[in-house]
Amino acid sequence: MILWEQGFRSFVWTAVSYQLKDNLKLSPSASQFVTSVAFFPWSIKPLYGILSDCIPIRGRKRIPYLVLATLLSLFPWLILSLSISLRSSSMPLMILLTVQNMGSAMADVVIDAMIAEAVRSERTSFAGDLQSISWMTMALGGICGSLLGGYALTNLQINKIFLLFSALPTIQLFSCCLVEESSVNNKDFPEQSTSNGGPHSMNGSSFRKDNTSAERSNSVSKRKKSQKNTKNGTVTVNKSQVSKKDRSLATRWFHSLKMATFTLFRAFRQPIILRPMAWFFLAHVTFPNLSTVMFYYQTEILKLEASFLGTTRVIGWLSLMIGTFIYNRFLQKMKLRRILLCAHIGLSILILLDVVLVSRSNISLGISDKVMVLFGSALADGINQFKFMPFLILSGQLCPPGVEGTLFALFMSINNLGSTIGSFVGAGLVSILNISSGSFDKLLLGIIIQFFCIFIPVCFLFLIPKEATGISA
């Protein structure tokens, strides 16, 4: 459900792109800056992983965090759908989108941890299948979201789209009740004991009937004093027990966090994890992302409709599914260096297609703009998936017990942080080249710079272990 919703987010984020462009009238660089900041919570996923791995809530490590994440995902969309002032101002909109992404990222961490637990408990060859199912589910959600998103933009107001999408986190919130999770806190605190005497325990003494009132008065006085002392003793014991429990719980949390950090650091130092992560981060940072300015170019210069752009995203998701299938069927035993080299050569060819599109050379060749955009979208996601699948599988296989969420989140955060920095680099390049809405004269130069940057990570392929493949550690 959550993975499907992660893909279906294309339904609402297409509307966000048009909100920034048409209603807020932001420039391409400003729009990309807002989007990059909004997606920053995906870059700190280890924080969510450490919390879910080390600090259970009522003895549960997954479901309570899923509920919290779902609430963070739900309320921003509801607020944006109801408040025209908040969605019409860039700063409140950016803050709410950031909170929403925090919830989505936290939910993604919990799901990654569950997948990692399953991968570690199964045979090695099953790891790719489980990751494939996950990505297929996300791709299916992306296809549905892209198809419906283009139609919704044509027929509905943006606030209605925000409101419709909020129904999914609501369903997800109720679906959390259907997931069973055993408690990790098997050792409960000792129960308070009253075996040594309660308020009415008189240590086996009995009252004797006496004819004298003095003896009866003295007996009653002693009983009240005994009751008072016993009550005070019980209160003191209870407070002491609670204080010890609080200190014990805090100590266990601190010890758990300390051990998780140490285990994570030890796992991260493994070359098969560290070197690919470093390379993948470098691959994002050295490549300026111009996706936002290309969106502006496609809508303003090429006059492509929202429904058609939704169709291109459908083709992209289908390409992702096909890329996942091809990888698991034919590329799992291929050396990582060769896979990544071929992927970057393929991406460089796609950049050349953008050069042809922006230079308008396709018109002289008799190729329509729509065919160029569709063809580029069909190949880009599939090729990028060839880069992404091996590291997901390796991370799942090498997750040490107890920090599944953290290690998986660390890998994804490096990927997401690299993407975010790449987006900032792209926004800076757009600003330097003075590319703005209605002024795309230097966009071709920006794409040519992209073409040369795509080969920078190829020079660092030595970071990838020479004998590493997609299914071997």
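Using the three backbone atoms N, Cα and C, a Cβ is placed for every residue, glycine included.
Copied over from TrEMBL, here are the features:
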{"type": "TRANSMEM", "residues": "63-84", "note": "transmembrane segment"}
{"type": "TRANSMEM", "residues": "132-154", "note": "transmembrane segment"}
{"type": "COMPBIAS", "residues": "188-206", "note": "compositional bias 'Polar residues'"}
{"type": "REGION", "residues": "188-243", "note": "region 'Disordered'"}
{"type": "COMPBIAS", "residues": "229-241", "note": "compositional bias 'Polar residues'"}
{"type": "TRANSMEM", "residues": "278-297", "note": "transmembrane segment"}
{"type": "TRANSMEM", "residues": "309-327", "note": "transmembrane segment"}
{"type": "TRANSMEM", "residues": "339-359", "note": "transmembrane segment"}
{"type": "TRANSMEM", "residues": "406-431", "note": "transmembrane segment"}
{"type": "TRANSMEM", "residues": "443-464", "note": "transmembrane segment"}
Intrachain neighbours beyond the transmembrane segment (132-154), with Cβ under 8 angstroms and 6 or more residues off its ends: 3-12, 14-15, 18, 111, 115, 160-161, 164, 305-311, 313-314, 316-318, 320-321, 324-325, 328, 385, 389
Maximum Cβ pairs under 8 Å to the transmembrane segment (339-359) - stretch from the list 309-327, 406-431, 443-464: 443-464
For the transmembrane segment (406-431), sequence-distant contacts whose Cβ falls under 8 Å of one of its Cβ atoms, 6 or more beyond its ends: 28-29, 32-33, 35-36, 39-40, 42-46, 48-50, 53, 108-109, 112-113, 115-116, 260, 264, 267-268, 273, 277, 280-293, 388, 391-392, 395-396, 398-400, 446, 449
